[in-house]
Every structure is written in structure tokens, then in C-alpha cells.
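K.L.:
First, the structure itself, so that you have it in front of you.
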């Protein structure tokens, strides 16, 4: 059996880039909670002792940006300079303006347009991907890397591993078998974890705790064997972390947010963007389309692309590739997709309920992935029933 290796990585909520994603989405949530028609393009950057939020926001909401920044940093665990940022004493800079009137009239017609007439907020192309290798219909390498990161945060916050600090990265290499275009995981080849820690803990204690409390509960035993390689804090020391260790920026972790390197990516980031930004809403609807194709048995693995022009409601193109795993030809799958999914931005917003913010709805997406999550707020993960007829064999 010929196999190959494929690797995906993830980062924790305390990674400086992910901190920025979460602040941007916390701002989006706050705006949408008070004004569902808010137009938000919120970027965040961070470095030692400083967080800046900047961008274009048009909203009726009354939002305390500084409070959102401090609350988000504090919740993640940035409560002192020692851990990389002090939420209560860091500098917070805010530079937010209104959306450009040129963009507003082109996309929304200054709110005179009906939902089906609302144009795309920008040009671009987005991809959705699904694979039958996990219950989530997501790639195993990505699922495991993501869950290891989430578990690191869990054992830090519940006190299981009190030496942990907020920043950290994970990476998983899976050995795969290609079954006529479908991906079949055989085993986990390598697990890599680099986590921020305090001064008191030894490297041996770190390795033992990570194996027992992080890897064991996450990686199914059937994928581990005596040949699996573990790299646990291979650099030897990771005390300085968060924005103190590295600068952070919104939109720098787009592969971690999506499919871990599988499928394809159009390049647009998600966090801090309201649903008129097709970078986000377009990517959500094509994930629902790809997932529905696989869940309905039309294919074992599939990618869907959609593309847009600024100000134009209808997509310029829709593309489906089942990697040779389709039960019917791809052009017929494409026809089913076009009949069942409305790719106009205003209709995506309604059908996936994307104007509903608050209750950390979009903040939740900003760490540990936007796809494959079992949470009713992730409306794009709901499988649509697709009618099709199996060919007579």
C-alpha cells in the first residue's frame, strides 16, 4: 500500500495573531448585537504592552472598543507582563473610521437594495472543502492539530497543568492512503507541541504532562504506534510569549481557520468582517455546499469554489471537483449545488443568519477553526438534504 505524509498546524487562543483575530471578532459581535446592519472591517495588531484596533465601521451601535480589547485579552489569560501582555495596563489605540461612501453606494445602494440585490462587498474567490475521513467531514491532520490546541487551553484554564501560559502551537503529520481520490488516514506519524510555560517547570515535566493530559485525550489510540514521533517543546525554552514574544495581526492564520492546507484558499481572512464581506460569507456557504455533497453521499471528498465582483450580487463562477470520488459526474453535482444553494451575499446572510452577533458568536470562530465545529451558532455546518438519484449499476 503506497502512503504519503501530510501535515497541518494550529495555534492556541494565546498566540498573538489569534489574539488579534479574537479582538476583531469581539468588536464585530458587539456591533452586530446592537445593530445587525453594522458594516464592520476591523483589524487588530499587537506588540509588547500595546494593542491597536483600526479599520472601517459604520454602525448605530454604541461600542466601547477599549473595553472589548481589555476584556478579550483578560479572558484569554493575558493578565500580567510575565505572560506576554497585561490586559488592564497595556496601551490600547483605536483608529476607526466610517466605511467609504464609494463602497457603501456600490454594495448597499445606501440601504435601498433588497437582500437579493445586495452586491458583493469586494471581488475575490473562496473555497469550501469536505472529506469523509472524520465525523466532522474535515481533514484528520487539521482536526487533531486544532483539538490539541484547544485541549492545551482547557488544561491551562482548569488548572490541570498550572505551568502553562496562553501562547502555543501544535502540528500533526498524518500518514494517508489515497483510495481512488478519497483520503484514508492510516496512522499519526508525528505530533509537535510548542507551548509557552512558566519558569518553574522542567522540560521532562512538560513532556510528561503534554503526553498524559493533552495528547492522550485527543489523539485516538488507533492512530498511535511505537513509531509515532513526539516533539514536545523542541526548542527547549518558551517562557516569553504572546505579543511580547511576537507581533500579532488579524488575518494571519487563514489556513488554521479553514482546512489545514487541504483543498485550496482564495486568500481572504475572516475575522472582523461583517457578512457583506464575501471573504467570510462566501467561504461559509461553500463549506456548507461541500459538506452537504459529502454528507449526502454524492462524493467522498469535494471542493467547491465561488467567485465575486464588487457590487454584483450573483457569483461570477461556481466550480465543483470531487477528486474522482463522485457517484455522478461533477457537472451534475454542480447543477445540484446551484439548485440548492443561493450564493448571493444578501441571501447567504439570511439563510445562514449571519447578522446575528453577540453571545461571542463570531468570537468563538476566531480560535480553533471556523469549520467542523459542533455548535448551533455555526449555521454553515448544517447539512442540507440534496435529492439525487444513484446511477443504476
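Easy rule for this one: first residue shown is 1, then count along the chain.
Including glycine, each Cβ sits where the backbone N, Cα and C put it.
Just lifted these from Swiss-Prot, have a look:
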BINDING   9  Mg(2+) binding site
BINDING   15, 167, 168, 169, 235, 236, 237, 238, 246, 252, 253, 269, 273, 277  ATP binding site
BINDING   43  K(+) binding site
BINDING   56, 99, 246, 277  L-methionine binding site
K.L.:
So among 56, 99, 277, all listed as binding-site residues, which is physically nearest to residue 253 (ATP binding site)? Use the C-alpha atoms.
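P.N.:
Looking at Cα distances from residue 253 (ATP binding site), the smallest one goes to 277.
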K.L.:
I want to check the contact list for residue 56 (L-methionine binding site): same chain, sequence separation of six or more, C-beta distance under 8 angstroms. What comes out?
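P.N.:
Residue 56 (L-methionine binding site) has long-range Cβ partners 39, 41, 96, 97, 98, 99, 100.
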K.L.:
I'd like to know which of these binding-site residues, 15, 237, 253, 273, 277, is least surrounded, judged by other CB atoms within 10 A.
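P.N.:
Across 15, 237, 253, 273, 277, these binding-site residues, the one with fewest Cβ atoms within 10 Å is 237.
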K.L.:
What is the Cβ neighbour count of residue 99 (L-methionine binding site) at a 10 Å cut-off, with all protein chains included?
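P.N.:
Cβ-Cβ neighbours of residue 99 (L-methionine binding site) within 10 Å number 21.
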K.L.:
Looking at ATP and its recorded binding residues 15, 167, 168, 169, 235, 236, 237, 238, 246, 252, 253, 269, 273, 277, figure out the farthest C-alpha pair and report it in angstrom, whole number.
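P.N.:
Site span for ATP, by Cα atoms: 42 Å.
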K.L.:
Could you state the whole-number distance in Å separating the C-alpha atoms of residue 235 (ATP binding site) and the residue listed as 'Mg(2+) binding site'?
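P.N.:
A Cα-Cα distance of 17 Å.
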K.L.:
Residues with Cβ closer than 8 Å to the Cβ of the residue listed as 'Mg(2+) binding site', same chain and 6+ apart in sequence?
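P.N.:
Within the chain, the residue listed as 'Mg(2+) binding site' has Cβ neighbours under 8 Å at 145, 169, 170, 171, 172, 255, 256, 260.
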K.L.:
At the Cα level, what's the spacing in Å between the residue listed as 'K(+) binding site' and residue 237 (ATP binding site), rounded?
P.N.:
31
K.L.:
On a count of neighbouring CB atoms within 10 A, which of the binding-site residues 43, 246 is highest?
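P.N.:
Most Cβ neighbours within 10 Å: 43.
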